[in-house]
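So that you can see what the record holds, here are the features copied from Swiss-Prot:
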type	residues	note
BINDING	Thr236, Asp310, Glu335, Lys365, Asp369	substrate binding site
BINDING	336-338, Asn370, 401-406, Glu422, Asn457, 478-479, Asn525	NAD(+) binding site
COMPBIAS	1-14	compositional bias 'Low complexity'
COMPBIAS	40-57	compositional bias 'Low complexity'
COMPBIAS	68-78	compositional bias 'Low complexity'
COMPBIAS	135-144	compositional bias 'Basic residues'
COMPBIAS	145-164	compositional bias 'Low complexity'
MOD_RES	Ser2	N-acetylserine
MOD_RES	Ser107	phosphoserine
MOD_RES	Ser149	phosphoserine
MOD_RES	Ser152	phosphoserine
MOD_RES	Ser155	phosphoserine
MOD_RES	Ser158	phosphoserine
REGION	2-109	region 'LISN domain, inhibits interaction with ITPR1'
Amino acid sequence: MSVQVVSAAAAAKVPEVELKDLSPSEAEPQLGLSTAAVSAMAPPAGGGDPEAPAPAAERPPAPGPGSGPAAALSPAAGKVPQASAMKRSDPHHQHQRHRDGGEALVSPDGTVTEAPRTVKKQIQFADQKQEFNKRPTKIGRRSLSRSISQSSTDSYSSAASYTDSSDDETSPRDKQQKNSKGNSDFCVKNIKQAEFGRREIEIAEQEMPALMALRKRAQGEKPLAGAKIVGCTHITAQTAVLMETLGALGAQCRWAACNIYSTLNEVAAALAESGFPVFAWKGESEDDFWWCIDRCVNVEGWQPNMILDDGGDLTHWIYKKYPNMFKKIKGIVEESVTGVHRLYQLSKAGKLCVPAMNVNDSVTKQKFDNLYCCRESILDGLKRTTDMMFGGKQVVVCGYGEVGKGCCAALKAMGSIVYVTEIDPICALQACMDGFRLVKLNEVIRQVDIVITCTGNKNVVTREHLDRMKNSCIVCNMGHSNTEIDVASLRTPELTWERVRSQVDHVIWPDGKRIILLAEGRLLNLSCSTVPTFVLSITATTQALALIELYNAPEGRYKQDVYLLPKKMDEYVASLHLPTFDAHLTELTDEQAKYLGLNKNGPFKPNYYRY
């Protein structure tokens, strides 16, 4: 039997094939029909375009017997070898599938015709139509940024953590929320996220052994009984473990965030559900920031007697608005270099009226948090926000303190070409000995791909530097304050800001050049990523011991000045973390201790020792 196969548009182009006894899936590749030929066989969806007739040479014959779709494969078009091996399950028609999913009907006389085809329609869901065909009726700046790329930028990506409901766009200050106990003394984004936040806190507890050890100690004594601590720090799962530890030690706490972008909303909700007065949410405005601090301090029937600060904003606010509170405050514990600098300024001016503990310069903070935490989190923050590859990139790191050292080491290990700027000749020499080229920022600003500040200073990167940067240069800050980069100078009419991701802005110049600004110049790692919990355990334990020390110190031990944590306490913090590594300390013999002039139980180094 001879079978002739042809399409109306490409009859002469159809190659000869042999049809064997194969399954439809196996037979499809054997048909050898070109895409054009197959397309020509299929009638246009909806009957085709009546205003675009086929050329005369390709038009089908006039209607008549054997014409129409069934005639697209007529015996007169051409010949193919006899299909001797084809099996027929139907005595009248044999179905054979084409490549495009249509069917050919083989009649008893050998004519192959195209079967009527079912047009497949893709179901469009309502939300899909809105996303692609409509502009959302209500888009806030933050909701739009989340919808663009939530999973790669948010610190904890989860449907439980972020919602796109209209309620999410309502300011927490305008909401009336209560926890399960009916308490409303808090202000968070959404109290319903508490369960998710509680799971994050429980995970963090597994990596914070020292704080958990302090809680066990609290079962027998309450060293912070009667303490009323007002705190202003980053509100993360690690901070929550610290706050609950302080509560277990007997303290009452009220808390606000020290950074408008670093708060984990679900963690804040979990703390509020547990009864902690927390006033913080991710994405606060400047007005919200100070309002939250004021709500922690200005409370009827409650007055703080201890301050735990990170950056000095809480201390500054109390000095400015409620100076009389310092009559009952026993001390200040400050974590960051920015806040410590402000404390030393107050002390130098004779305005510091209570003792202050400088946690930032303690050994356990400097050598662990500032170095190891930043070494890991700088890469995490950059990767989540930009998806960049580090190998071969030219990076300038401004400042070679412990934070700068960690950033440089991480980037160098990933293959980046790293430059360093520094004002201190000792730190500068360290950078050179570590293999980094010491430069002035002006010397490399036109060529670098990334600029990272970690100095604790102001206007390290000026508008002049920003104007001279190359197109698509990434600019970010690893210091506490948002003053290191002169972001204010970029808010001018001639420059255009585009939010492309959460915490990622393109600042565009009139000539089309743009820079990529991360977290609006605020702390990159806690605004855009996460930090290693174990390292933060060391810092949080140091803060807790500093609070215990100042609160219980006899009158006269500490004057109105700034102090470092006693060396013995630094060593105690370190010892609490050693069991995690199954580490075993060597003990001095009596003879060795006498020879070194040390107590067998420490401290083992003098205060002037540089680790």
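Each residue, glycine too, has its Cβ placed from N, Cα and C.
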Inset, instruction - Please tell me which one of the binding-site residues listed here (Ser336, Thr338, Gly401, Lys405, Asn525) sits closest to Lys365 (substrate binding site), measuring Cα to Cα? - result: Ser336
Legend entry - Local confidence of the prediction over the region 'LISN domain, inhibits interaction with ITPR1' (2-109), expressed as mean pLDDT: 43
Legend entry - Rounded to the nearest Å - Cα separation of Thr236 (substrate binding site) and Lys405 (NAD(+) binding site): 25
Inset, instruction - Please name which of the binding-site residues listed here, Asp310, Glu335, Asp369, is nearest in space to Val403 (NAD(+) binding site), Cα against Cα. - result: Asp369
Legend entry - Spatial neighbour of Lys405 (NAD(+) binding site) that is closest, considering only the binding-site residues Asp310, Glu335, Asp369 and their CA atoms: Asp369
Inset, instruction - Give the residue from the binding-site residues Ser336, Asn525 that has the most other Cβ atoms within 10 Å of its Cβ, counting over every protein chain displayed. - result: Asn525
Inset, instruction - Could you list the residues of the same chain, at least six apart in sequence, whose Cβ is under 8 A from the Cβ of Glu335 (substrate binding site)? - result: Thr233, Leu308, Asp309, Asp310, Val359, Asn360, Lys365, Thr539, Gln543
Inset, instruction - Sort out the sequence-distant neighbours of Glu422 (NAD(+) binding site) for me: same chain, 6+ apart, CB within less than 8 Å of its CB, listed by position. - result: Gly399, Tyr400, Gly404, Ala428, Ala431, Leu438
Inset, instruction - Specify the count of other C-beta atoms within 10 Å of the C-beta of Val403 (NAD(+) binding site). - result: 28
Inset, instruction - Using only the residues recorded as binding substrate (Thr236, Asp310, Glu335, Lys365, Asp369), report the maximum Cα-Cα distance in Å, whole number please. - result: 18
